[in-house]
Amino acid sequence: ANMLTSHILIFTRTYFMSSCADKPNKSHVSCYFLPLSAGAGGWSPLSSDRYQWLEVDLGERTKITAVATQGRYGSSDWLTSYQLMFSDTGHNWKQYRQEDSIGSFPGNSNADSVVQYKLQQPAVARFLRLIPLDWNPAGRIGLRLEAYGCPYTSDVMSFDGGSSLTYRPGPVPRQGSKQVISLKFKTLRNSGTLLHAEGREGSVLSLQLERGKLQLLLRQGKTLNISTSSSSEPRRLTSVGSLLDDQHWHLVVLRQRNSQLNLTVDRHTETVQTDEEFSLWDLMVGASQNPDAARKNFQGCLENLMYNGVNVTELAKNNDQQVSIKGNVTFSCAEPVHVAVTFPGPHSFLRLPWTMPSASSGMSVGFQFRTWNEAGLLLTFDLPRQGGEVWLYLAEARLRLRIQRGGSGLNDGQWHSVDLTSRHGRLTVSVDKQETGVAHASPSFPVLVSNQIFFGGCPAEDYNQECKKPHGTFQGCMRLLALDNQPVDLIMVQQRLLGNYSQLQIDMCGIIDRCSPSHCEHGGLCSQTWTVFHCNCSDSGYSGATCHSSAYEQSCEAYKHSGNTSGYFYIDVDGSGPIKPQLVYCNMTDENTWMVLQHNNTELTKVRPSPGEIQHLVQFDYMSEEEQLAAIIHQSEHCQQELSYQCRKSRLLNTQEGSPFSWWLGGPGTGLVQTYWGGAQPGSQQCACGLQGDCVDPQLYCNCDADRMEWSADAGFISHKESLPVRSLVLGDVQRPGSEAAYRVGSLQCHGDKNFWNAAFFDQETSYLHFPTFHGELSADVSFFFKTTASFGVFLENLGIKDFIRIELSSSTQVVFSFDVGNGPLEVSVESSYPLNDDRWHRVRAERNVKEASLRLDDLPVATQEAPADGHIHLQLNSQLFIGGTASRQRGFRGCIRALQLNGVTLDLEERAEMTPGVRPGCPGHCSSYGSLCQNQGRCVERATGFHCDCSLSAYTGVFCQTEVSADFKSGTSISYAFKELDELSRNGSDLPSSIYSDPLPRGENVSLSFRTTQSPALLLHVGSHFNQYLALLINRHGTDELELRYKLDGGRAAEVLSSSMRGLANGLLHTVTIRRSADSVAMQVKPPHYALGFAGCLSVVRYNSISPLKAALLHPDTSPVVVLGPLVRSNCGSSASANPYSAENTHHLSGKVDFSCVIAVAIFVIVTVFAITARFLYRRKETYRSREVKAAKQEESQDFHYNNQTEGRKNASGENAKEFFM
């Protein structure tokens, strides 16, 4: 206790080595170390793993009593546990253990507090090494360290195995006095006599090492002369210690009083009783009294040999007469360096390159090992010539050898030998001394060296013309250079005594394994050159220089807003986080975007219980991993899973009071027992009918509980997220005679992405949100959407002492990503050709890793900036994370930010915005950004989270109004569409969707459709009125299957005829037609026409002004004013997938009042589709029509297709004088 008060600080500011010691050729990186009192800084190695250490040289052996640790100043870097190692020489380290078992020390809980630990047993050493075990997971290894202790003095002696020391004290000690011998020793030999003491009556007490244990032996005799031998065999009294041949100091104390002996080795003491009392007298150290036992003499070092308080070593140094020395005893401890390696775990290994030159038929390997296990592999290697492998291993504590018989790239970082020989006109090159690596040549001239030879490269061109380098210079290590079989002394080269060199590092190999530890994330494969490493991200699902960023979106919602429709997609729910991507089905409906997660059985399955089975157990295995399921359910707004049970005399839940016959398990892990059924509430022990009150038996809560012989069912959706997914079913009432049942557990379906629409609106330049410090030391990615009308603003900023990270809108067309990790500020920017302050959503994705920084804006090319080679790589931040502003409240962002994620973690902007002045949660207005996804006259409708495409005014359907509506028509199929009167429209305008009716006062016609047919002639479409006006689209044969448009807008004039120049349209291929007519005003009446000609084939996307009669007939037949005659079958015959993607589109225009366009697309295959006839009465003021003549029209009778519009009356049927125009 008094010693602790006199401790002085034993600390010298020093350089230390931080190294990864698990791999060969691992580089040592010098770092600067600061004590606790020095303020800023501290130790932080380049890599944070368990292969780092901090080593301190105290200058001389010191008694270390305590250590204190503190985190790195101004950072999130501190150790939570560590190991201490000690050494006298810088080799052969020994781990300090508390109570002989606990090998770790508690560290810090923050970067500022000091944690001091007083060693239970002071350690004496010159070198101290601290090995980090664990550190703050949000930071990396960081440390400030102090060591406390006292100066240590000692007297040492060294024995070489043939020397000894004898000490003869003064008067013989009196009977019953206390005798104490103490010393420290270290040795590499496991056997030897440490000391030999003789007492009265010739009794001899010995301390001997035997197989690393210290034994106390007693031999009784009659002689007091130490030189007199006795024939009696010694008796072992006790054995203490183990593994004492480890070349570390061990304390030995032998206490004798009367007949009791206490032997202490280190901290372990054994007590024995002898048969008689005796006193020690003469003492021999290092050798045995028996000359025949010379081979068991001690070889090693002794320290502070004390006999009853007398320093025997000091007496020997001073040549005291009481001490006699035999042989070579020195007063220093010369320790041989024997470097050992420990294999602590099942994954430990040591790989060494085979670089030794060997004879053509020989090799040798030698080593020592020690172990407690009776089995284990000692070494193995390949046979390069014969092919095969060699194993040397332990089995049943016996050594066994096994040989099994059956080159490689030379840039593998291993040593490879090269020999170039020219003898007697024969040139030989040998690599690694293998037969497969030898090449021979016989040039016609001798290959000799003139006067010099170069390795690795050449001097500058203007310095030496004798050395040419057609290839790049060598980057790597060389050793064992020999010229004409004479080794080159590279130390003389270093001293400029031999040859010359430039920019070499001699007496070291500076190779660095940049792939260990690998910075390639998510399973990316690492490869390297001398200066850089590369990550192969193929098949990993991630991208970027270190495979950090996910290549996939995080939800089906995100895929939808990129313009995708239903299909299978890979989803990465946490982006760059640890959860792997998964393949899911995205069902993008008009209302919601569903993520569908399958399991092993989603079909209706009949229960087939095994004989004797009381309960039938069904388990469901999901294709997604547990963490994937949990993340999807958590981030979705709504999840559901169908749970149905069909039964006949098979009860389900019985009554509310009784225990249920069946139940299911749902939720995380294996799930919790749930006793309610689909459609009911958790804990209710009911089915959907019980909740709605419509069960077949009103007294029960499930239909199946009625126990009837008729088939019944209980079904519904489980939508309580805490109960999802359904893991297993336990069906209990399935064994009774006559019982039958079937179950179905549907796929897990979720919609809504809470993360994707999490947004905040910043309405002031000084407003911001703040979050805890962002920790992205080695890899950091930031992604978000923004929209604004401002031309500048900081999106994100986080500061450290010197490090920082910032993303900002620097101008109306530029986004800048800047940061500093200690190498000086770096900046990556993307310039846009369009304004970014257009109040539309724009996406920003920034990433910084140890190799590069990248910035991506919308779909523009990514901008990158390489990191400095061998520079600082850790981003150290300590302030709050500011979103939408800065700590200085300058250049704040005004606008919206949503879906903000940092390293795959979504920040809840809405929650923080609700409690922050100047910031509002949410951000409306999405159609300005995503409205263009709505196609074919689809209308974008705003939602609080996203948008919706209203297809009611479009002839198409689908999530983006992209799906064509087609139908197969037979020869007798027709659709008649009746328009309501104007007063009826005004009375019932709210009854039906607006798409079912046309604008009451259109100023022209806009007709479009697609068709596919082999029939000719055929009528495609007819529109007529009560005023003998009509418009008809038909295929008229004329021998060429032309498309013909006939229209009559004035009952007193003849019909006009427009014909397409495209022929052969009844070829079974898909054709698209567009008709546009301009007019002043039109009044409408509806009357179905009579027609004499039918159509067989496909019609699709039929549109007449703002109505879609075919869509109304197929999707809204009960609520639309349509009449369907004959069979009408919906198909996809008009889909773009059935068209030939290689065909050209030809559009033909006709000048005049009527614009007739015919777009021809060649089909890949023929699908029979629809025939539609729509009727409409057109009223047009005759004076308007007469004032606008159709130019260049001529009339001609159509002989092939006599079209009879019976609304004009029979008297006009044969007298029609048609005009026909060819296009």
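Every residue number used here counts from 1 along the chain in the order it is shown.
Glycine is no exception: its Cβ is also placed from the backbone N, Cα and C atoms.
Curation does not apply to TrEMBL; its annotations are automatic.
Features reported for this protein in TrEMBL:
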type	residues	note
COMPBIAS	1208-1223	compositional bias 'Basic and acidic residues'
DISULFID	Cys896-Cys923	disulfide bond
DOMAIN	1-150	domain 'F5/8 type C'
DOMAIN	154-333	domain 'Laminin G'
DOMAIN	339-509	domain 'Laminin G'
DOMAIN	511-548	domain 'EGF-like'
DOMAIN	547-599	domain 'Fibrinogen C-terminal'
DOMAIN	758-923	domain 'Laminin G'
DOMAIN	924-962	domain 'EGF-like'
DOMAIN	966-1133	domain 'Laminin G'
REGION	1196-1223	region 'Disordered'
TRANSMEM	1159-1179	transmembrane segment
For the domain 'EGF-like' (511-548), the mean pLDDT of the predicted model: 86
Neighbour count (Cβ, 10 Å) for Cys923 (disulfide bond): 24
Same chain, 6+ residues apart, C-beta under 8 Å of the C-beta of Cys896 (disulfide bond), given in sequence order: Ala759, Ala760, Phe761, Phe762, Phe785, Phe786, Lys787, Thr788, Cys923
DSSP-derived helix, strand and coil totals, residue by residue, for the domain 'EGF-like' (511-548): 0 helix, 10 strand, 28 coil
For the domain 'EGF-like' (924-962), the number of residues DSSP places in helix, strand and coil: 7 helix, 12 strand, 20 coil
